[in-house]
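Below you'll find the structure, written out as structure tokens, and then a few comments.
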Amino acid sequence: MSDLPPLREVIARHGLSALKALGQNFLLDEQLLDRIARVPGPLDGAAVFEVGPGPGGLTRALLRAGAEVVAVEHDPRCLPALAELAGWAPGRLRVIAGDALRIDGAAALGRPGHVVANLPYNVGTALLVGWLTLADWPPWWRSLTLMFQKEVADRIVARPDTDAYGRLAVLAQWRAQARIALPVHRSAFTPPPKVMSAVVHIVPAEAPPGVSVRRIEALTAAAFGQRRKMLRQSLKGVPGALDALAALGIDPTRRAETVTVEEFVALARALHA
Ligand code: SAM
């Protein structure tokens, strides 16, 4: 694969001018793309579900790392470039044309694997929440390596008592580990977006707490839906929550942003009891 044409040439030859509506900001620096492809760990022979391959920069890096890639792309203009790339790595790249929000990654991949994506941030956040709220745990994905706006990345890895801490942090951290793997400067993209980005790496916890995700979702939606309110007010509508606060000795005058991930898990468990 060392003699692939430069990405700029592929983009020009296939007329892939970046479309704002599809959140297209392409990465062309192959060294940076190789660094992103290393975030999940060794990929030789591993299955990778890539969302939004575009002209295929990140896809190339994944293929160079030895991965077997299933990629979902919404923009039909990119398909010929991706078909060309598939020819460079026979049998290791399957492209699905469509909207990733409507495609079941587990079924598309067919075996457990890693998810890697550089997506428009609204699509990325919606997919992330879907992957984090699966009923089955450990999930079909072994890790998530996702590019986000820096501000969203900060919310995913946030700790309590910070402005960034909220529902996304709890969903990402209560049965998984989330970290910022790589800050990415806006100038790395073509065209450059207005804000900085970061690659987030999430892996499922080995011993997830035995609590239903629906309880965690209900608690965090209520608590952070009114984040400035005291818990005794914001959790009023969650059956059993006020009793659970009392049983656990959690001060009901506290606000959601002070409640740790472990305390949310304990509350969810107490609701079960
Ligand atoms: N992966 C390429 C890279 O790193 O240069 C392209 C990244 S660009 C930020 C986002 C890509 O996601 C575009 O190719 C866009 O067409 C695609 N995309 C946007 N919405 C999508 C969706 N709902 N499903 C699948 N792909 C989508």
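Here the Cβ of each residue, glycine as well, is placed from N, Cα and C on the backbone.
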Joining ASN25, LEU27, GLY52, GLU73, ASN118 at the S-adenosyl-L-methionine site recorded in TrEMBL, out of ASP3, ASP99, ASP104, ASP136, is ASP99
Expressed in angstrom and rounded to a whole number, the S-adenosyl-L-methionine site built from ASN25, LEU27, GLY52, GLU73, ASP99, ASN118 spans a maximum Cα-Cα distance of 21
Per DSSP (helix/strand/coil reduction), ASN118 (S-adenosyl-L-methionine binding site) sits in strand
